[in-house]
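> Take a look at the following structure, please.
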Amino acid sequence: MDYFLSSIKSAISQLELKQPRYAPIYYILTSSLIFSINSMLSKMISHIPSSQIVYFRAIIMCLFNTTVTSNQNIQLYGFTSDIYNKLFMRSIFGCLGTICFYSGIMQVSVSEGQVLFRTSPLWTSLMAIYYLKTEKLQMSLFFNLIICFFGIFLISQPPVLLEIFGYEKSENLVETQLMGIILMISAAIFSSIIQVLINTLAKSVNQLVILQYFSIISIGVTTVALFIIPSQQWLVPSYFEMTMLILIGSTSYIVQLLMNRAYMKGNLTEISMLGQSQVIYGYIIDIFMGTNLSIFSVCGTGVIVASLVKVVLDKSKQQQKGH
């Protein structure tokens, strides 16, 4: 195992040495693809409770991370109480966000789930304005929010919209779609809170330490959920389902490492823009899975992506002015 990890570390170092400009791009594009595959795998076992998926995911990530941190001699303990509190809060919000994500992705298409989850930069900006007080509300952000909400409105396909354009409406489908959207946006908001907490921890602890605590606390939270919540009761997985759960955990860990590396080594604006490639991968997977995509869903996705790209560009301009 030590030889395997050393070989990977050496290969990454060589790539970043020979292609410093393109290495972060490879990382973000690969992580976006794997994240989309991860979403597809979860839809293939849609009857498994989301807490059980997160439980297996956390165990596998914890095993991988323990091996890596041991190999690199990374300290996992001995921090101040303030850092422990932040690690705990990041882990709790991360676990809740992950449960929301896997619950929501079961009720919307992969492409819809990807784009709704990618709205986190908007919620991060709102947190920076109203909670952190580090930014001011500008007309451009307000405009982007309106565009984003319009895109969400299209994806939700409310009955009134379907009636206007002469489409048949199904109450069950509308309710399922709406619940999926609420869960995915909740996951995006939790992701925004996590990003703020990670920024406060980044200079104090290694990224792998954050992952370790997140995995351990997720195991504890989901264990409780599987025992006390009726809709989340444990199901004995088949061999196929067990394989899918292992793949979900493995791909989740790889995504975390690649994404962190991309943001560490690349240009923030460029990496954020390329991260939208998840939506393209999502559509490819939806086509592969034979998902029926409506014109409203496609238009809504396009509108949200446009608003997110504008948010990234606006932030880049603000940072350039600040320098």
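Every residue gets a Cβ built from N, Cα and C, even glycine.
No curator has checked TrEMBL annotations; they are predicted automatically.
Sharing the feature lines straight out of TrEMBL:
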TRANSMEM  21-41  transmembrane segment
DOMAIN    25-156  domain 'EamA'
TRANSMEM  53-70  transmembrane segment
TRANSMEM  91-109  transmembrane segment
TRANSMEM  139-158  transmembrane segment
TRANSMEM  178-198  transmembrane segment
TRANSMEM  210-230  transmembrane segment
TRANSMEM  242-259  transmembrane segment
TRANSMEM  295-313  transmembrane segment
> Of the listed stretches 21-41, 53-70, 210-230, which one has the most C-beta pairs under 8 A with the transmembrane segment (91-109)?
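If we count Cβ pairs closer than 8 Å to the transmembrane segment (91-109), 210-230 scores highest.
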> Would you confirm whether the transmembrane segment (295-313) and the transmembrane segment (21-41) meet the contact rule of 3 or more C-beta pairs below 8 angstroms, pairs 6 or more apart in sequence?
no
> Over the span of the domain 'EamA' (25-156), how high is the average pLDDT in this prediction?
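The answer is 88, the mean pLDDT of the model over that range.
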> What are the helix, strand and coil residue counts for the domain 'EamA' (25-156) according to DSSP?
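Tallying H, G and I as helix, E and B as strand, the rest coil: 102 helix, 0 strand, 30 coil.
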